[in-house]
Amino acid sequence: MVTVVTHPLVQHKLTLMRDERTGVKEFRELAGEVSLLLAYEAMRDLDLAQERLRTPIVEDDFPVLSGKKLALVAILRAGLVMTEAIVDLVPAAKVGHIGLYRDPQTLAPVAYYNKLPADIADRRVFVTDPMLATGGSASAAIRSLKDAGAQGGNITLMCILTAPEGIAVIERDHPDVRIVTAAVDSHLNDHGYIVPGLGDAGDRIYGTK
Ligand code: URA
């Protein structure tokens, strides 16, 4: 299932990110802000329970988060800026990291780093990857989460931008995983970039171009 967050604030900030004149500092801030707003939507269905407490006025029942604890998992390196923003919203969440590179011969994603919370199987997992392009890295990352015991129904893939090609790969490989994104763009170009897109998210976040 794909949820596109059409909120005007998200769409406006995404347009600023697309603009090639937007510099590193502003781009990084916008990526964090859009990530927070995506998280607001992605976490809409978190369980609540009633807790009894006393306000300065009366005693009553009030909602508090309950149910599964949360994990944020960044796909390196561009996913880092997303988890760093979202963890401010859910400071008790544990944070994992998955690093992948593409084997130049086989073009298959190969994990070079994988550090996940030991109890990932018992958590709601929010995977962050700003750009869902071919879907290869995200699919491999989700596979390693499932291998570690996470249930697909507990995994949400959070992407600032997506391409239809990447969505199709995730829907094929992981139909039980929900995708939350700010936009589904037109297509990938011959170099694997999302069109119209915003360029290389990692380079724009870290100023490495
Ligand atoms: N990764 C990026 O950073 N940008 C794209 O357009 C595609 C993949």
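Even glycines carry a Cβ here, placed using N, Cα and C.
Automated prediction, rather than curation, is the source of TrEMBL annotations.
As recorded in TrEMBL:
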- 4-208: domain 'Phosphoribosyltransferase' (DOMAIN)
- R77, R102, D129, P130, M131, L132, A133, T134, G135, G136, S137, D200: 5-phospho-alpha-D-ribose 1-diphosphate binding site (BINDING)
- I194, G199, D200, A201: uracil binding site (BINDING)
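Structural mapping of features recorded in TrEMBL.
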| residue | record | Cβ within 10 Å |
| --- | --- | --- |
| R77 | 5-phospho-alpha-D-ribose 1-diphosphate binding site | 14 |
| D129 | 5-phospho-alpha-D-ribose 1-diphosphate binding site | 27 |
| M131 | 5-phospho-alpha-D-ribose 1-diphosphate binding site | 27 |
| A133 | 5-phospho-alpha-D-ribose 1-diphosphate binding site | 24 |
| G135 | 5-phospho-alpha-D-ribose 1-diphosphate binding site | 27 |
| S137 | 5-phospho-alpha-D-ribose 1-diphosphate binding site | 23 |
| I194 | uracil binding site | 26 |
| G199 | uracil binding site | 16 |
| D200 | uracil binding site | 14 |
| A201 | uracil binding site | 25 |
Residues flanking the uracil site, with Cβ no more than 8 Å from the Cβ centroid of I194, G199, D200, A201 and excluding those residues themselves: P130, M131, L161, Y193, G197, L198, G202, D203, R204
Close-lying binding-site residues around ligand 1 among R77, D129, G135, S137, where CB distance stays under 6 Å: none
Integer Å distance between the CA atoms belonging to I194 (uracil binding site) and S137 (5-phospho-alpha-D-ribose 1-diphosphate binding site): 15
